[in-house]
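First up is the structure itself, then whatever we jot down about it.
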Amino acid sequence: MSGQQQRTKNVGVWVEESDFLEINITAIGKDILLKIDEATELTIKCKKGLQIMIPDPNKTQANPTKTQAAKREAIAILSPLSSLFLPNLGLRNNSQVISTFGISVKMGNADECCSTQLIDGDGMFNVHGLENFMKEVKLAECGLSYAVVSIMGPQSSGKSTLLNHLFGTNFREMDAFRGRSQTTKGIWLARCADIEPCTLVMDLEGTDGRERGEDDTAFEKQSALFALAVSDIVLINMWCHDIGREQAANKPLLKTVFQVMMRLFSPRKTTLMFVIRDKTRTPLENLEPVLREDIQKIWDSVPKPQAHKETPLSEFFNVQVTALSSYEEKEELFKEQVASLKQRFHQSIAPGGLAGDRRAVVPASGFSFSAQQIWKVIKENKDLDLPAHKVMVATVRCEEIANEKFAYFASNEEWCQIEEDVQTGTVPGFGKKLSLIIGSCLSGYDAEAIYFDEGVRSAKREQLEAKLLQLVQPAYQLMLGHIRSGTLDKFKEAFDKALSGGEGFAVATHGCTKAVMTQFDEECADAVIEQANWDTSKVRDKLRRDIDAHVAAVRATKLSELTALYEGKLNEGLSGPVEALLDGASNETWPAIRVLLLRETESAILGLSSALSGFDMDEQTKDKMLASLENYARGVVEAKAREEAGRVLIRMKDRFATLFSHDSDSMPRVWTGKEDIRAITKTARSSSLKLLSVMAAIRLDDYTDNIENTLSAALVDNVKSAVTNRSITTVDPLASSTWEEVPPSKTLITPVQCKNLWRQFKMETEYSVTQAIAAQEANKRNNNWLPPPWAIVAMVVLGFNEFMTLLRNPLYLGVIFVAFLLSKALWVQLDIAGEFRHGIVPGMLSLATKLLPTVMNLLRKLAEEGAKPPTTDTRGNPLPGSKNFRNGVNTSSAVSSSASSEITSENGTEEYSSSSKQD
């Protein structure tokens, strides 16, 4: 036995030598050793009870793989054997096999109970075992529909036996044959079988045990406080013969219970059921008053806080008393009484039931954490604030549930797909899909957290909802962004199509905007998440601003195109005609320009006004655009006038040249000597002066000015009067920068500029007049080529002797003829008349440099002609060459005569003639 007990203490250790797992099965009568070796041989010794010890890989050095294999083997072996030895053990068909480390092997029906050691003898909380226990019994699904029953009492008082019979558990019972000793160490937890709702039973270590000693009562108090804090019903197991005794074994236990009760801040009302064991013949009606009196005395003697000095016992406890016969002497009666007592535990949490006070109950899913925290506070020797503890448990559990649901949502495949798809475009059914997923998460949270504190549950639900919405908000914003951009693109396409189809701008704008905004609202409604109260007005306003900006840009472009179109028409219709009118300056020039401007402006304004009617513009803007177009037309005319004014001198000279050099039939003039150059010059200059007066100012407004008279008086009449009256000093009317009755903005050429232009004009046209006079003089000389008669008579008289000499000696005549030919040839080759046209000194210098090369060239040509052999053609036909030469000489002579006459007239005749004529 001792060897087997030693192995029981070292449960879960592998025996390396034989490489088999030892499974210790403890029964009431004797131990059973099952050896699972390679041949799967079994040695079974069993009487009552059944328990399998399988090592926990997390707490031992055992091989996890071998542990799981052994577990499977144990299930495979023990299940078929249950029908063989369970009846011999006196166990019911719902018996089970449990492990000491939270690993359980079930046998029988699914409704059978399951147990685990909650706190060991050293006060270590079995977290892993409790979590496995909760999974095994599916405690989290119970919500608030569960009850916790615990039992306290002296050691070896039959607590485990009572629980096994009352609730169908399989707590280890004391082996009476082995002596009375401690059986239950720490606190064990099991689920009751065949009791609704789910009922958990805690078997506490017995008090007043010799194993812990007389002074070691710390664990007793801690376990009692834990049981009061966790349990709805606390069974006080006591012997019947202790009732009425001053030093009975139950009094220290009751003192402990009442003392630790004071450490519970705002405790709930717990049911204390005193179970009187081994009831004697004394009726329960007589025992109960004595027991209640003893309980009251103990309550009164226990020190209490100031707030509970006068608090009655009934405020804290609902005291119940029941009695049971001896199990060993009256087993059948005991079982009947236990079965009757068991009925009281059915529906114990219902109103009026044993566990009626449910104020601080913790939802089943939070039981594990709540028990851990309560035991932690108790171990730290702190007072328990149960309401605060309930809130704390609710906070932690709701936080855990919320985190689980959030993690579930974050890893949800449908959500991940939506999040991925929304990066590139819109997702059909976006809002509905996300609403369903979020709703599923929130519904799952509500289902799991429904029994926790409402305030905490609601707060954590709001936080979960906020976190979920915060997670999906970027995707939602992306969705809205895609909807907005897509709607804007659709608007642009529809708007351009409508305008291209000839639809009015305002009609197209209104129709397209209404259509796309309706579509946007529908798509936004499809994207709305039910759980979110997000406002899409900002995105809608942004879309509307984008549409308005696009419409404004298109309107500005269209208006700019219209304006440019009509401005181009005005520019085309005004520039050319205005230039032509200004070029033919007359008294009707500016009236004609005004008529032209009015006609073209009215036409353009009418066309633009008709085009603007489709833009739904306000009258003020429309009038402003029409006024701008009208101003543009005036600007075109004014710009063209200023441009022409800048070229007025050229225009004046061209007009002068046209009138001076052409006759009335526009044929070029030939100065034959019969023309009146003075009259022609005056007419041409008057016309040029008229051009200057027309170009001096802009006359688009119907007003009169005196510019022409002023210019005529100052530039024409004033010259005549100055020549006539040289001694009279007059004021120059052109000595000013402005014209009378003409605004400065309308002035193109100031009076001073007119005077300077006229002076320059006269200087540049004087040469043409001089040339005309010279041409007349030259023509006169050409027509009178014979010398005067007296010169002829003088030549005959004075040259008679020379003439006779020539007749007597004809050789002189040949020499003179050759000399004439040479001279004529040099005259033509040297272009003597042309050289002297630029002056006498430059002509002499130029002839000096050309004379020798020209003479040498002539001699060379004569030598070449003399060296040629005589031919028949040359001899027979010498005259054409001479004729050509003479013709050339004659032609040159004519040119020379003309040039000579020009030089003469240029040097003296024209100037003096002009002066004499002017005088």
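A Cβ is built for glycine as well, from the same backbone N, Cα and C atoms used for every other residue.
What TrEMBL lists as domain 'GB1/RHD3-type G' is 143-358.
Neighbour list (Lys159 (GTP binding site), Cβ cut-off 8 Å, at least 6 residues apart, same chain): Ile151, Met152, Gly153, Thr184, Asp203, Leu204, Gly206, Leu235, Asn237. Sequence annotations record features per position, and here TrEMBL assigns GTP binding site to Gly153, Pro154, Gln155, Ser156, Ser157, Gly158, Lys159, Ser160.
Under the heading region 'Disordered', TrEMBL lists 863-919.
TrEMBL lists 910-919 with the feature compositional bias 'Polar residues'.
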Neighbour tally for Ser160 (GTP binding site), based on other Cβ positions within 10 Å of its Cβ: 22
Residues within 8 Å of the Gly153, Pro154, Gln155, Ser156, Ser157, Gly158, Lys159, Ser160 Cβ centre (excluding the GTP site residues themselves): Gly206, Asn237
Nonlocal residues around Ser157 (GTP binding site), in sequence order (Cβ under 8 Å, 6 or more apart): Gly206, Asn237, Met238, Trp239, Arg277
